[in-house]
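**Q** What follows is a single structure, and I will ask about it in a moment.
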């Protein structure tokens with residue numbers, strides 16, 4: 001009696017490959033679109049652009065003729081960026097929680113540090129674009145002053161001044177993003193971003209024993225000094241120390257909070 005043996009047939013099971021992890025440039029594009037497409041972000045961008053345009057007639061008709069240089073026009077056009085760009089950085093983080101998009105964001109990209117990096121790079125990209133646009137407005141304002149015979153300042157804009165202008169814009173949006181990560185609440189982050197550094201400036205000016213520390217920790221003074229010609233090594237060191245306190249520490253603590261916060 002013979003027994004027949006049956007060889008089991010291997011059943012092929014389709015492999016379930018994990019979806020490809022989105023690249024950082026793709027995440028940056030998504031974050032830029034999120035910043036621009038929201039109503040608050042769009043209005044902030046409009047206000048930044050309008051502030052640059054509105055300050056050109058002020059320079060032409062209020063500033064002395066010899067002070068209406070291209071450098072002065074560029075500095076005036078940057079006022080809106082210095083004030084409003086940090087708010088855009090704050091909103092890029094806090095709206096994830098206020099608009100309840102954090103669940104979708106961190107489900108699609110579980111690595112929250114990559115999301116944070118994308119938000120920073122997206123903010124830098126917008127900062128550079130807005131700074132370039134404001135410089136074009138400044139050039140147009142200086143040209144209008146030439147045509148109207150109201151401007152007598154120089155057309156010169158040195159590479160050093162250009163680099164400082166771009167650096168200050170990057171610092172502004174980075175500080176805003178750091179405060180957004182630290183507090184994760186839009187009103188609280190905006191209020192404390194403007195209140196705490198200015199409060200430290202006032203305390204440092206009033207308390208004699210704090211004046212030395214204020215010179216190293218007051219971003220209002222250290223960033224203003226950097227914008228002046230002939231920056232010394234000590235002034236660069238003061239900027240680095242003040243940014244360590246007001247940018248790097250909030251960013252580090254904010255990254256920890258972002259990583260640990262529960263998504264609902």
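Cβ coordinates are placed from backbone N, Cα and C, and glycine is handled just like the others.
Residues or ranges marked as transmembrane segment by TrEMBL: 43-64, 76-95, 116-141, 161-183, 188-207, 236-258.
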**Q** Pairs 6 or more apart in sequence, C-beta under 8 angstroms, 3 or more of them: is that satisfied by the transmembrane segment (116-141) and the transmembrane segment (43-64)?
**A** yes
**Q** Would the transmembrane segment (161-183) count as touching the transmembrane segment (236-258), i.e. at least 3 C-beta pairs under 8 angstroms with sequence separation of 6+?
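**A** Checked: the transmembrane segment (236-258) vs the transmembrane segment (161-183), in contact.
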**Q** Using a Cβ cut-off of under 8 Å, list the residues of the same chain at least 6 residues beyond the transmembrane segment (188-207) that approach it.
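**A** The answer is 86-87, 90, 94, 175-176, 179-180, 182, 213-215, 217-221, 246.
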**Q** Report, as numbers and ranges, every residue of the chain located at least six residues beyond the transmembrane segment (161-183) whose Cβ falls under 8 Å of a Cβ in that stretch; write 'none' if there are none.
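**A** Beyond its ends, the transmembrane segment (161-183) has Cβ neighbours at 71, 74-75, 78, 81-82, 85-94, 116, 119-120, 123-124, 126-128, 130-131, 135, 189, 192-193, 219, 223, 226-227, 229, 231, 243, 246-248, 250-251, 253-255, 257-258.
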